[in-house]
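Marked as domain 'Response regulatory' by TrEMBL: 5-121. Positions annotated as 4-aspartylphosphate by TrEMBL: Asp56.
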Amino acid sequence: MNTLTVLLVDDHEGFINAAMRHFRKIDWLQIVGSAGNGLEAIERSETLRPQVVLMDLAMPEMGGLQATRLIKSQDDAPYIVIASHFDDAEHREHALRAGADNFVSKLSYIQEVMPILEGLREDRS
């Protein structure tokens with residue numbers, strides 16, 4: 001079985017915990033860590049080397065867009081999905097310009113993220 005490694009990044013611990021509860025049920029997903037802001041995301045991405053980073057857009061200290069730009073400058077950068085409550089064309093465009101590979105709404109997070117992760121898993125097998 002091809003395991004996909006994921007780093008969860010969000011400043012709301014409740015959101016991280018809910019996502020982890022769901023993702024732990026999926027045997028081909030491995031949550032390698034979590035981060036509460038963009039600075040932590042950069043550091044954990046460098047040390048943990050996840051294949052995928054699921055990143056909140058708006059966070060304290062450093063937001064998801066700036067963190068995405070910096071993570072994407074790393075060698076063998078992970079696939080980055082930006083998640084936000086602000087689901088409109090402008091926010092999607094900013095995320096993609098920052099280097100994000102995809103954008104999902106937090107209002108339908110699991111329903112949007114799972115097909116992306118399943119596609120990445122198939123691409124890597």
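Cβ coordinates are placed from backbone N, Cα and C, and glycine is handled just like the others.
Long-range C-beta contacts of Asp56 (4-aspartylphosphate), restricted to its own chain and to partners at least six residues apart, with a cutoff below 8 Å, comprise Val9, Asp10, Asp11, His12, Phe15, Gly64, Ile82, Ala83, Ser84. Across the domain 'Response regulatory' (5-121), the model assigns an average pLDDT of 95. Using DSSP to sort the residues of the domain 'Response regulatory' (5-121) gives these counts of helix, strand and coil: 56 helix, 27 strand, 34 coil.
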